[in-house]
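Listed in Swiss-Prot for this protein:
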DISULFID  CYS31-CYS82  disulfide bond
DISULFID  CYS35-CYS57  disulfide bond
DISULFID  CYS43-CYS63  disulfide bond
DISULFID  CYS47-CYS65  disulfide bond
DOMAIN    21-83  domain 'LCN-type CS-alpha/beta'
MOD_RES   LYS84  lysine amide
SIGNAL    1-20  signal peptide
Amino acid sequence: MIRFILFISCFFLIGMVIECKDGYLMEPNGCKRGCLTRPARYCPNECSRLKGKDGYCYLWLACYCYNMPESAPVWERATNRCGKGK
């Protein structure tokens, strides 16, 4: 029983340490990467190219990716610069 508790504790500890981020892919101009007119596999392929686990076209408007590395640029409301120039 103690081994089981230790195993579960280690499992949760590893899960807390290894965190990945989710988010919308971002264009160089700071806007979300659109997917309305793209092929069906566009978003999952782009997410994989950036080392994400998976992705999809959210409401046919923008690519959303799961488990992206911390270094991958994703759109964030707090740092939004879309349409604001450089």
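Just so you know, glycine gets a Cβ as well, placed from its N, Cα and C.
Cα distances from CYS82 (disulfide bond) to the disulfide-bonded residues CYS35, CYS43, CYS65 are smallest for CYS35. Per-site Cβ counts within 10 Å over the disulfide-bonded residues CYS35, CYS63 peak at CYS63. Listed in sequence order, the disulfide-bonded residues from CYS31, CYS35, CYS57, CYS65 having a Cα within 10 Å of the Cα of CYS43 (disulfide bond) are CYS35, CYS57, CYS65. On a Cα basis, CYS31 (disulfide bond) lies 15 Å away from CYS65 (disulfide bond). A 10 Å radius around the C-alpha of CYS57 (disulfide bond) takes in these recorded positions out of CYS31, CYS63, LYS84, in sequence order: CYS63. The highest number of surrounding Cβ atoms within 10 Å, among the disulfide-bonded residues CYS31, CYS47, CYS57, CYS65, CYS82, is found at CYS65.
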